[in-house]
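S.K.: One structure, as structure tokens, below. Some questions next.
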């Protein structure tokens, strides 16, 4: 995000006789104006430079040399490398894939480096042709509604707006997406095509990873064929050497002063003790939990209404935004790893990148204790990917455990089947693997290098800042389930939140780090515009904020348009969340209609999609005749797709259009932001 500041200049009319001439005044004004703009421009440039990502640089570097630090070409040339792998990553997976490709380059006599496009001058791609047998690979995720990730935004815009001559650039692209979303791998596909348009040579066809299926399998399959294409294109052969070279080296930090040791901060040391605005992904706000109450009336499931206190934080949000919550792993699982590996979890260590040219010095904030790393920085509850299986082989003392790991690390049909069944289907995490393969005893520092970063969790904000300017509300279902191995897996964030219960005012309130992520899920600019909201289960969350905002406008005396809500849950007397609030909005006229579907309150299951089909006239009246807006929030895999099909059908029938015309009509609604979806898989 770029911030701009406007300066307002006020003039004062002087009624007394001036002591100097009008010409003197004019000259004086000109001089002051020139001086002002010279100073403002210099200040703006200085301010702009301060907004660049922080990098560790020797203090002796001149400003010119510091600027060249963003030149990946110079790094490639000075270190004798020919392979650069860029990543566009929101959750860390694309960055992980990029690292694996760069590491494997050594097997093909291509020394590689990983690069963050946000920290590079991507215009230097035109100079890649100066490096013999060079190759640029892009691991790019598509995020949100077909958007680039934050760190790839500038590169994406450069490609869109520029016309650089990229002849001589050899490249390949792997995309990370999810087929349940409409804009599947849109950014990767665009980059792949745009690079070719600008004259670059595609060495291997684009790979499209589907996170809804098995993105690890997609990546490994694509990567194997990539290296075949690379060998063919450059006339080189694989060395055959398996490279298990460590990317980071262990540093003993037992002598480091306690105040220099990280204890869970995301980026800045002691940031939770000394909070500084603005708050973002690298600098979250430590918010107090003001309210934590159960929404379900009965049953064995739990849904929490949680309110984060942001009073005094200067944080601002809009209705429809998301809040990111930084979780931590359970102490039980962390202790189990220490027990299984017979490790001292309170030992202080650091992992230092062996590549001195890399801008990423550590995989997570260092130095810290192993306990801190496993609690705050590393994901120990997700299913490990195949490269971790491969790295664990050398630590298995039992031949049977070795063979099992080798099989799962392989790309053979048998290996893929074993990995799918033993890891994915049985939902094993790294703790389960170490339990079930008892001879596998990896060095704890190596394990910390291999495990992915623990990511923040995003929740739709279920409140309006007009009504609750000092708090952020979320609606979250507690995640607990039993696997086929009879283990209970727990959601990292929701199980932590369930424990954070506010106490009386005399005791310190529980806290958790958060920040606000902006969204395009917005109410129409005009309060009179009619809207339809479709949100079963916790899909109701953002619509609670929508309704609050329209209710606020109504109470102010403004005219508000029709508001129609479709909500569904299992049973009315069990999980009808916010029932009293919704009924009150119906009674006071803010909510025009409330369509309810309780799927298990009758012999045949009834869902919101059934209600939509029954109310075709109402749907068309609002989205067709009155140009209203339609919103969908919830499950992307089935519900959102079914809703889309129903809307197209309604447009066909009530709008008297062909299937093609109806699809175009709905597409235009999406482009005009009249059809918006906030969905997850």
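Think of each number as a place in line: the chain as shown, counted from 1.
Glycine too: its Cβ is placed from the backbone N, Cα and C atoms.
A TrEMBL annotation is a machine prediction, not a hand-curated record.
Pulled the feature table from TrEMBL, pasting it below:
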| type | residues | note |
| --- | --- | --- |
| BINDING | 89-94, 141-144, 176-185, 211 | FMN binding site |
| BINDING | 301, 538, 599, 600, 605, 606, 607, 608, 609, 642 | NADP(+) binding site |
| BINDING | 457, 458, 459, 460, 475, 476, 477, 481, 491, 492, 493, 494, 680 | FAD binding site |
| DOMAIN | 83-227 | domain 'Flavodoxin-like' |
| DOMAIN | 282-524 | domain 'FAD-binding FR-type' |
| TRANSMEM | 20-39 | transmembrane segment |
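Describe each of these features in terms of where it is and what it packs against.
M.R.: Counting only same-chain residues at least 6 apart in sequence, those with a Cβ under 8 Å from the Cβ of residue 475 (FAD binding site) are 295, 303, 304, 305, 306, 459, 460, 462, 538, 540, 541, 544, 577.
Confidence annotation: the domain 'Flavodoxin-like' (83-227) carries a mean pLDDT of 94 in the model.
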S.K.: Expressed to the nearest Å, what is the distance separating residue 477 (FAD binding site) and residue 144 (FMN binding site) at their Cα atoms?
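M.R.: So the alpha carbons of residue 477 (FAD binding site) and residue 144 (FMN binding site) sit roughly 22 Å from each other.
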S.K.: Spatially speaking, which of the binding-site residues 92, 144, 178, 184, 607 is closest to residue 493 (FAD binding site)? Use C-alpha to C-alpha, please.
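M.R.: Sorting the binding-site residues by distance from residue 493 (FAD binding site), the top entry is 92.
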S.K.: Around residue 181 (FMN binding site), how many other C-beta atoms are within 10 angstroms of its C-beta?
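M.R.: That number is 23.
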S.K.: Cβ-Cβ under 8 Å from residue 301 (NADP(+) binding site), same chain, 6 or more residues apart: which ones?
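M.R.: Same-chain residues close to residue 301 (NADP(+) binding site) (Cβ under 8 Å, separated by 6 or more) are 477, 478, 575.
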S.K.: For 141, 477, 493, listed as binding-site residues, tell me which one has the smallest number of other Cβ atoms within 10 Å.
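M.R.: Output over binding-site residues 141, 477, 493: least Cβ neighbours within 10 Å is 477.
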S.K.: Near residue 491 (FAD binding site), which residues of its own chain have a C-beta under 8 A away, given they sit six or more steps off in sequence?
M.R.: 478, 479, 480
S.K.: Including all protein chains shown, what's the count of other C-beta atoms within 10 A of the C-beta of residue 178 (FMN binding site)?
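M.R.: Neighbour count, Cβ to Cβ under the 10 Å cut-off: 20.
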